[in-house]
Amino acid sequence: MDKFRIQGPTQLIGEVTIAGAKNSALPILFATLLAEEPVNIHNVPKLKDIDTAIQLISQLGAKVKYNKSVYVDASNIAVYCAPYDLVKTMRASIWALGPLVARFGQGQVSLPGGCAIGARPVDLHLDGLAKLGATITLEKGYVKAYIKGRLRGAHIVMDKVSVGATVTVMSAATLAQGITIIDNAALEPEIVDTANFLITLGANIIGAGSNQIIIDGVTSLGGGEYRVLPDRIETGTFLVAAAISRGHIVCHATRPNMLDAVIAKLRETGAKIETGEDWISLNIHGKRPKAITVRTAPYPGFPTDMQAQFSLLNLIAKGTSVITETIFENRFMHIPELMRMGVHAKIENNTIICHGVEKLSGAQVMATDLRASASLVLAGCIAEGVTIVDRIYHIDRGYDCIENKLRNLGANIERIYS
């Protein structure tokens, strides 16, 4: 497996262009299965998960061309089963099920894989499809959905806020007969982006971005062009990189209004942040950041996908702080690895007590999931000596050319190919 070798410490200074959002691009790619005409999707990030999604929809019979944009023609889908060999690496594969059963009356998806960060069951997805009229069964590791005729609109109240399940129900409901109301829907910008894509294809959706989404089903969806919104988590990751390295980074091609909670917390550290319509600048003027309290929450609260990066920030900051994770269990696997580099932390249930240290030491560490791997790479950039980050296939799942972008900011980082 590939590794990163990082020589630190480095003050990261410069400019970076933010890629398209993984958490928009993936549901949008799977939603192309609903379209009877070709679709062009722009600003798609170059990620391992994107490659997997493209392979999957190609195996189902879609014609796909992937260059700077992704062209999908799903007019001749002939296979309705997403196989284990692809699904095992990516939990997002469950998003194929809703479009398949909505358009073709049947679909099968192997129980999905992805990051090992606790219980993220697909029950909410399946409950939503069942309420739309689909018969759901589990056979030999595959989830199967079936219906005679069209799905039927329904009033669905989500038991808990779930981005993934909101996407599944919203996408499937676009082709259902009648009106579907989703209450307690997720509010994330990526939900709005997916809804806007579906609207481009001819769907009738109102309320995306609020806790109630209303979909008036249509008989078919056409084609169109769409541009994926910028990745707010990649943006936040590079802003943290500037803060922990006592540097200055400007992020371009992003949207500051999607990052209010992250920006507010970074300002608490003492960093100076400036924003424009499509850029954010963080300059901490060579100072050590101040420790801050962080509690993850569904959007518009502090994103769980930024928790690992802010854990690192607090562990090198001035003072003692507490980070509370409310979204996922078992999402502190980066902490034992950071301890190998000299941090002082104590895990108590769903909280981390962080005692900031002034310096980190390079070490050999192992990535355990996507966002944890980002925190380890950033730690290597500011640690004294050499850091080796193993199992970086995790970071390739969610960050577009991260080593090139860090290198352009001054990091001494190289990929060691296996």
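Backbone N, Cα and C define each Cβ position, glycine as well.
The feature active site, proton donor is assigned by Swiss-Prot to C115, with sequence analysis given as support. Annotation comment: Swiss-Prot describes K22, N23 as phosphoenolpyruvate binding site. Among the features that Swiss-Prot reports, UDP-N-acetyl-alpha-D-glucosamine binding site is placed at R91, R120, P121, V122, D123, L124, K160, V161, S162, V163, D305, I327, with the record citing sequence analysis. The 2-(S-cysteinyl)pyruvic acid O-phosphothioketal annotation in Swiss-Prot covers C115 and rests on sequence analysis.
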Fewest other C-beta atoms within 10 angstroms, as judged across N23, S162, which are the binding-site residues:
S162
If you run the three-state DSSP split on K22 (phosphoenolpyruvate binding site), which class comes out?
helix
Give me the count of other Cβ atoms within 10 A of the Cβ belonging to D123 (UDP-N-acetyl-alpha-D-glucosamine binding site).
11
Return only the integer: C-alpha distance in Å from S162 (UDP-N-acetyl-alpha-D-glucosamine binding site) to N23 (phosphoenolpyruvate binding site).
13
Among K22, R91, K160, D305, the one of these binding-site residues whose Cβ has the fewest neighbouring Cβ atoms within 10 Å:
K160
In three-state DSSP terms, the structure that S162 (UDP-N-acetyl-alpha-D-glucosamine binding site) belongs to:
coil
Provide, as an integer number of angstrom, the distance between the C-alpha atoms of K160 (UDP-N-acetyl-alpha-D-glucosamine binding site) and N23 (phosphoenolpyruvate binding site).
19
